[in-house]
Amino acid sequence: MTTTYRDALRQALVDAMEDDDSVILLGEEVGLYGGAYGVTKGLLDRFGETRVIDTPISEPGIVGAAIGAAMTGLRPVAEIMYVDFAGLVMDQLANQAAKSRYMFGGQIGVPMVLRTQGGTGRSAAAQHSQSLEAWMMHVPGLRLAMPGTVSDAYHLLRDALRQPDPVCFIEHKGLYTLKGEIGPEPDAPWGQPAIRRKGTDLTIATYSRMLQEVLKAAEALAPSVEVEVIDLRTLNPLEDEVLMDSVRRTGRCLIVTEAVTTGSVASEIAARVTEQCFDWLEEPPLRLGGEDIPVPVAPALEAASIPDATLIGETARWLVTREAPSWAA
Amino acid sequence: MSRANDAHIARYRTMRRIRTFEERVGELFLKGESAGSMLHLSIGEEAVVGLTDHMRDGDTFTTHHRGHGIFLARGADPARMLAEIGGRGSGYCRGKGGSMHIADRGLGHLGANAIVGGGIPHVVGAGISARNAGSDAVSVAFFGDGAMSQGILYEAKNMAALWKLPVVFCCINNQYGMGTRVDRSAGHRDFPARATAFGLNGARADGAEVEEVFEAAQDVMDGARNGRAGFLEIDAYRFHGHARMDKSPYRSPEEEEEGRQRDPLARARNRIGDDITLDRIDDEAEAEMDKAMEDAIAAAPPDHASMFEDVYAEGTPPPRPQRERLMDILGESA
């Protein structure tokens with residue numbers, strides 16, 4: 001049955017809450033309002049206010065309360081409305097949630113999910129449009145999932161709610177209306193990438209909304225350039241053998257992200273590919289990400305600040321055929 | 001002997017054990033047997049026992065970085081504590097946390113914290129857990145006057161009051177956030193007023209008088225157990241420097257002399273007046289803590305391999321050691 005990314009997320013929450021009484025939601029506007037993007041609509045009526053908790057605008061407090069609840073037997077889903085508010089919560093996230101198990105010698109785990117969303121596409125400007133996953137990926141102890149399909153919206157959230165350690169679950173605001181089907185099973189086990197398209201000439205690694213742009217570009221390039229598309233799905237854990245196998249077959253790797261390029265997840269992937277596939281590479285692993293600028297509000301500038309299918313296609317062709325795009329001639 | 005007096009003596013005993021313990025922590029450092037010098041002694045703040053005496057099995061708590069005494073009062077084994085402070089594998093946290101991150105889930109200790117205010121909101125979550133489970137457990141956040149200037153405290157107080165949680169915020173005001181005296185950090189020093197302004201049951205007690213703390217804490221803890229979140233300020237004096245290396249050059253000897261007159265142990269001793277019993281308690285505490293220190297010093301350091309454990313839950317792959325990665329990339333078979 002066709003559904004949307006938004007409805008798939010809601011279904012995952014409902015199913016998890018039905019299965020396990022210890023799952024609770026807390027965050028700004030998750031209850032009465034139904035979630036800023038409608039993900040939690042109807043859940044307050046269904047599960048009551050002890051399990052769907054509207055909070056004050058207190059992001060560090062929300063994450064801190066979720067940590068304490070997780071330490072004492074609940075499985076909270078804390079919602080931070082925009083990933084940009086990570087600046088407010090990084091102490092609770094990076095110093096508390098991520099480190100408790102380790103600092104306390106394995107005694108106290110923090111099985112919580114931090115749901116949030118990021119990315120561009122709504123002219124929401126510099127403080128509501130960022131892709132900050134590199135901040136989380138840099139912290140040992142934090143799991144990190146970034147669904148790019150409807151089926152993963154459901155299955156990765158269910159998987160996240162089974163993890164014994166804290167998971168940052170970053171949705172994309174541009175994907176909520178994406179249509180698709182929820183598969184009966186996840187496309188890959190938790191922690192493993194999925195091959196979204198087979199190809200022989202070039203491997204493109206990506207995740208979240210950029211997956212959709214990459215797939216468009218790959219279709220447009222075929223058959224002259226056959227791109228293999230790898231959806232990383234989770235950035236921690238990230239069992240990267242699927243990606244490395246692919247790069248060893250194609251000899252070329254392009255990493256596409258929406259996040260600014262410098263110090264990004266793409267940089268980390270490029271480093272891993274370089275280390276692990278050096279002898280197989282025909283070209284250097286190449287990053288294609290957001291421009292190294294804050295996200296501008298003007299729709300034309302916003303769109304131009306991140307890669308799209310056209311730029312991805314041009315870059316892919318350039319990398320494989322050495323045929324430069326018109327703007328580089 | 002009256003029952004009241006028995007309780008007073010029991011509180012004296014706990015306070016004496018805390019003080020002797022902290023003295024041994026200082027010695028552990030001087031002997032070079034502690035893990036680092038970030039050791040924050042709670043000498044002068046022992047009257048917190050007046051609050052912990054109202055806690056029960058099943059209650060939970062978080063502490064700040066100066067929390068040794070609180071944990072001892074809640075039943076900690078001093079040998080395992082000293083082993084942790086010494087970075088030994090037999091310590092409470094397998095030598096990974098140390099003085100500032102001691103915890104014990106079994107005793108309800110959800111963790112000592114080295115970020116000022118960092119552990120405070122966790123009691124809100126523990127309060128939600130207790131409420132949803134229908135238990136009467138209370139969760140207590142212990143922190144110093146320094147945390148009175150952290151925003152997270154006010155977020156947590158508001159949530160606790162809003163949701164009527166079984167939560168207590170206990171500020172042990174030792175007058176100093178590191179080297180800054182409270183009159184140089186707080187524009188308005190009526191801390192309980194800040195709590196009542198949020199809808200909490202706010203109180204203050206003289207930290208030189210453990211029985212006064214006990215009485216004030218009764219109402220705060222009883223209220224919390226019935227869903228009225230509370231706040232208690234224990235007005236004390238930090239006898240020593242911020243950490244072991246700090247000789248307190250920012251305060252005068254006269255001030256220290258006066259502050260140390262506010263000694264909850266000396267006051268309790270005078271009030272109880274039974275020197276024979278109290279001398280015996282002192283001797284027992286000395287012997288107990290000597291033995292604990294001996295055991296801690298004799299304990300082995302942690303296994304090197306344990307470094308990669310506990311980042312993630314058991315059963316999930318641990319982080320990859322650097323050398324393994326290097327061998328994969330550069331090794332003969334690569």
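Including glycine, each Cβ sits where the backbone N, Cα and C put it.
Region 'Disordered' is the annotation TrEMBL gives to one range among B:85-109, B:310-334, and that range is B:310-334. Residue counts for the compositional bias 'Basic and acidic residues' (B:245-280) under DSSP, helix first, then strand, then coil, are 23 helix, 0 strand, 13 coil. Across the region 'Disordered' (B:310-334), DSSP assigns 9 helix, 0 strand, 16 coil.
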